[in-house]
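One structure below.
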Amino acid sequence: MSAPPRPNPKYEKKVMVLDFVTPTPLGNSWGLGGTCVNVGCIPKKLMHQAALLGQALQDSRKYGWQFTEEVKHNWMTMTESVQNYIGSLNWGYRVALREKNVTYENAYGEFVGPHTVKATNKRGVEKLYTAERFLIATGERPRYLDIPGDKEYCISSDDLFSLPYCPGKTLVVGASYVALECAGFLAGLGLDVTVMVRSILLRGFDQDIANKIGEYMEEHGINFIREFVPIKVEQIEEGTPGRLRVTAKSTKGNQIIEGEYNTVLLAIGRDACTRKIGLDKVGVKINEKTGKIPVNDEEQTNVPYIYAVGDILQDKLELTPVAIQAGRLLVQRLYGGATSKCDYVNVPTTVFTPLEYGACGYSEEAAVEKFGEENIEVYHSNFWPLEWTVPSRDNNKCYAKIICNIQDNERVIGFHVLGPNAGEVTQGFAAAIKCGITKEQLDNTIGIHPVCAEVSSAIQILCFSSSII
């Protein structure tokens, strides 16, 4: 056995973190901090901002800014800046762990017996550690299509944010938030982008909003190939980028199509990293189909001394702040005498598509399923941000929707907004929803004029037609 971890000063517990990144099929890996910091939320939001700045440049002429030089985007400058910032975060986490007396090992953890894990570093050196309790937070990795050429020639979001060349003409395969966000900022940087969609957009999100996002992206030059899936990817020409031929088949029939692209980005979902960490050795049950781990309402698996948080949980939201909150509350319950449990329903989130989508609570579809269509009231409204009026663009493309429970004094159970700074808008309403705000209280809240969030206190239009897909 190796030396035991050092005690953490807050609860006087010895803590160890095992963190290891298995390289992508193209050989990419990254530093401490997980998906969100390295290949998720942080670089995604920064590249989304790069695209918004491009739009702001176009708008600026109508606001009096004069410039004659041709404006171009430099992919390498952007990625270098993004990676430099991520590197600073990696270092910050290392320092924080050291300051908190947390033992850190850059090694792959695997259960080998009761209360025992084996840690294997990149040189193949193995060590055994024992612990009173274990917390699994291994997250997920992008899924591949299992077709000829996918791992050889395609990239995933794990590769995109540090790609050492501009991707050029890009095919994005998928309809997830990752797919649409990446397609959105790539198009915003001036690239030719096509999205290939198997069925619906943004499964699990409010479909009324999802369809509006798709329409907006199409109107802004992003091509959509609907109800097709790739069956083969071939390399026509090597290069950075090279040229690829994609063969795709209809999901509704036998039609076959082909297209040529410089880059193919797969964003078709993610698989839980649970099948190769020895859970069978200690009896932790997983969903055999998805790899997800069922837990009780205190994040405890069927093995009492093993807990889990994050994207690997069955039937829970796949969001970094949710994992952080669940982990924090778990530790407070285990060692601090607290009793609070994580709320997995009233969780605010934002999809950073070109037109941002903020949501908290139930989608319309989920509300109908939970409470019954006769027991919910839906209010909605289009709006036009003041900032967009001067450049005269996208009139009435922004949208807000409030879902209320009639049987509970019209308590707001779902908030959805489609527009600029949707995340900033939604965060505040999330606190109000946690406090049980009603439609009447929302109506009696004075709006800040003239901002987008003002629409929430002025929505009086009932939505009579169901948007259930």
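Each Cβ is built from the backbone N, Cα and C atoms, and glycine gets one as well.
Here is what TrEMBL says about this protein:
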- 32-327: domain 'FAD/NAD(P)-binding' (DOMAIN)
- CYS36-CYS41: disulfide bond (DISULFID)
- LYS45, GLY109, ASP311: FAD binding site (BINDING)
- GLY174, ALA175, SER176, TYR177, VAL178, ALA179, LEU180, GLU181, GLY269: NAD(+) binding site (BINDING)
- 347-455: domain 'Pyridine nucleotide-disulphide oxidoreductase dimerisation' (DOMAIN)
- HIS449: active site, proton acceptor (ACT_SITE)
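Shown on the structure are the features that TrEMBL records.
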{"residue": "CYS36", "record": "disulfide bond", "contacts (Cβ under 8 Å, 6+ apart)": "ILE42, THR320"}
{"residue": "CYS41", "record": "disulfide bond", "contacts (Cβ under 8 Å, 6+ apart)": "THR320"}
{"residue": "LYS45", "record": "FAD binding site", "contacts (Cβ under 8 Å, 6+ apart)": "PHE352"}
{"residue": "GLY109", "record": "FAD binding site", "contacts (Cβ under 8 Å, 6+ apart)": "LEU18, PHE20, VAL117, LYS118, ALA119, ILE277"}
{"residue": "GLY174", "record": "NAD(+) binding site", "contacts (Cβ under 8 Å, 6+ apart)": "VAL195, MET196, VAL197, ARG198, LEU266, ALA267, ILE268, GLY269"}
{"residue": "VAL178", "record": "NAD(+) binding site", "contacts (Cβ under 8 Å, 6+ apart)": "SER157, ALA267"}
{"residue": "LEU180", "record": "NAD(+) binding site", "contacts (Cβ under 8 Å, 6+ apart)": "VAL195, LEU201, LEU202, ILE213, GLY214, MET217, VAL351, THR353"}
{"residue": "ASP311", "record": "FAD binding site", "contacts (Cβ under 8 Å, 6+ apart)": "GLY139, GLU140, ARG270, ALA272, GLU318, ALA323"}
{"residue": "HIS449", "record": "active site, proton acceptor", "contacts (Cβ under 8 Å, 6+ apart)": "none"}
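Shown are the binding-site residues SER176, GLY269; of these, the residue with the fewest other Cβ atoms within 10 Å is GLY269. Secondary structure of the domain 'Pyridine nucleotide-disulphide oxidoreductase dimerisation' (347-455) per DSSP, as helix, strand and coil residue counts: 40 helix, 33 strand, 36 coil. Mean per-residue pLDDT, taken over the domain 'FAD/NAD(P)-binding' (32-327), amounts to 97. For the NAD(+) site, whose binding residues are given in the record as GLY174, ALA175, SER176, TYR177, VAL178, ALA179, LEU180, GLU181, GLY269, the maximum C-alpha distance rounds to 13 Å. Residues LYS45, GLY109, ASP311 are recorded as binding FAD; their most distant pair of Cα atoms lies 30 Å apart.
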